[in-house]
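Please read the structure below before turning to the comments.
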Amino acid sequence: MAGGSGGEETNLEYTPTWVVALVCSVIVAISLAVERLLHYAGKYLKKKKQKPLFEALLKIKEELMLLGFISLLLTVFQNRINTICISQHSSGKWLPCKKEDDTSTTHFQTSFSSFTSGNARRLLAEASASTDHCSKEGKVPLLSATALHHLHIFIFVLAIVHVSICALTILFASAKIRQWKHWEDAIQKKEHDSEEVLRTKFTHVQDHAFIRGRFLGIGKNLTFLGWLQSFFKQFYASVTKDDYTTLRLGFIMTHCRGNPKFNFHKYMIRALEADFKKVVGISWYLWIFVVIFLLLNVHGWHAYFWISFIPFLLLFAVGTKLEHVINQLAQEVAEKHAAVEGDLVVQPSDDHFWFHRPRIVLLLIHIILFQNAFELAFFFFIWVQYSFDSCIMGQVGYVIPRLVIGVLVQFMSSYSTLPLYAIVTQMGSTFKKAIFEEHIHEGLAVWAKHAKMKTNARMTPTVTGSTTLPVDPKETSQSHDESLKGAEIQHDPSIQGPKEM
């Protein structure tokens, strides 16, 4: 509208310049403040040499850029979407709320009382214009301006809640794992005592605390009891000191036998921080879940109530599996040996994990956290935007259990499942690149780059083509020493070209 009188909406032609400048200043100030906050957070993490967390921060920035692009698309194509018309019959199907007024033409039953001033008038005016356009054809708009605006807000809320939940989960899980540090310190101190090491010559397997706590002695014919024990074990003392000591020794004897003083606890923390950047992002398949969830939100289906059980059941399945892996490691040793020389050593293997891939566990945790974030984000969005009594919220008997399940999933993820993941997934056949300190990892990368350059430099053209001449091992070794100059590395003869998970 061009006019500026009465209750009509005004455009920039009739808006005071000081209002435009003031609103623009506030928006720019908030944006710059957030950008500076992320910038200084990145500098702090780089200063503290927290590269995995820094990469996770970069992942968050990518998600914010994606949200900005989605927001731009919704804004640019808003008018175009409003002009798309569908039949009234189609608009009456698959509604989240049952229509009480047949003249309603929007997909979402909205309460316009929550909108005030200019924004409400603008959305109402656009909705009226699109309705008039479609009514001439005997149809209704595909999506009203108000519904599109609400969808816009919900996507933003979902991303913020997902990042917040992931950050809180990692934070609390890291706090839980750091409680194991005194176990690592006690083991390191014990290994300095050579007399105590000499006294431990033989270990009776059945008398070992790890075997007593994990092996039921029921054999493979009654595996159900083993799974049942694993299920309940995740709720109390999911990882004990004996578990930590035995799994730590198994990892060291398998992957770095030449370095018995390897700090397993620091390695776990580095590996968990590296995995955080994968969990905090919203992958393409998670956006597919969003579309499916929005599709199933039909009146009378109570779909979100049933969907809330998916992360709940997946969480217990993952926790049970991780506990069962520890039980399997104990069972293997108990069935093969009556006594062993030295300490009890388990044998890590990918065979204990689903499809022989420990990384599947991280994928499932990613899905669990996202689905839980979706449930909580949808609840708070509907509560603030429409009210608790809104029909789209659902009946109280279905809403309260969803909230309880969401809180329980969040608590169990932080307290039990993620700490279990941090230690048990190290029991695979390979190790992660976090096994190296950051400066060593960079040194190895430089060495590999130099070795590749040496190889390319020794390529000699011939009449028939190019022939690769062998590289002098002394030159490669010299290049390796130069690239790692200044870095203190404890050589591990058991590592023959690191295989990463």
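Using the three backbone atoms N, Cα and C, a Cβ is placed for every residue, glycine included.
Just so you know, TrEMBL annotations never went through curation; they're auto-generated.
Since this is a predicted model, take the numbers as computed values, not measurements.
So that you can see what the record holds, here are the features copied from TrEMBL:
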| type | residues | note |
| --- | --- | --- |
| COMPBIAS | 459-469 | compositional bias 'Polar residues' |
| COMPBIAS | 472-491 | compositional bias 'Basic and acidic residues' |
| REGION | 459-501 | region 'Disordered' |
| TRANSMEM | 18-42 | transmembrane segment |
| TRANSMEM | 63-81 | transmembrane segment |
| TRANSMEM | 151-173 | transmembrane segment |
| TRANSMEM | 279-297 | transmembrane segment |
| TRANSMEM | 303-322 | transmembrane segment |
| TRANSMEM | 360-383 | transmembrane segment |
| TRANSMEM | 403-424 | transmembrane segment |
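The highest tally of CB pairs under 8 A with the transmembrane segment (360-383), across 151-173, 279-297, 303-322, 403-424, is held by 151-173. The listed stretches are 151-173, 279-297, 303-322; of these, 303-322 has the most Cβ pairs under 8 Å to the transmembrane segment (403-424). Long-range Cβ contacts of the transmembrane segment (151-173) within its own chain (Cβ-Cβ under 8 Å, at least 6 residues beyond either end) map to 60, 63-64, 67, 70-71, 74, 143, 272-273, 276, 279-280, 282, 290, 369-370, 372-374, 376-378, 380-381, 385, 410, 413-415, 418-419, 422. Cβ atoms under 8 Å from those of the transmembrane segment (303-322) belong to residues 227, 230-231, 234, 238, 293, 296-297, 353-354, 361, 364-365, 367-369, 371-372, 375, 378, 394, 398, 401-402, 405-406, 408-409, 412-413, 416-417, 420-421, 424-425 of the same chain, restricted to positions at least 6 beyond its ends.
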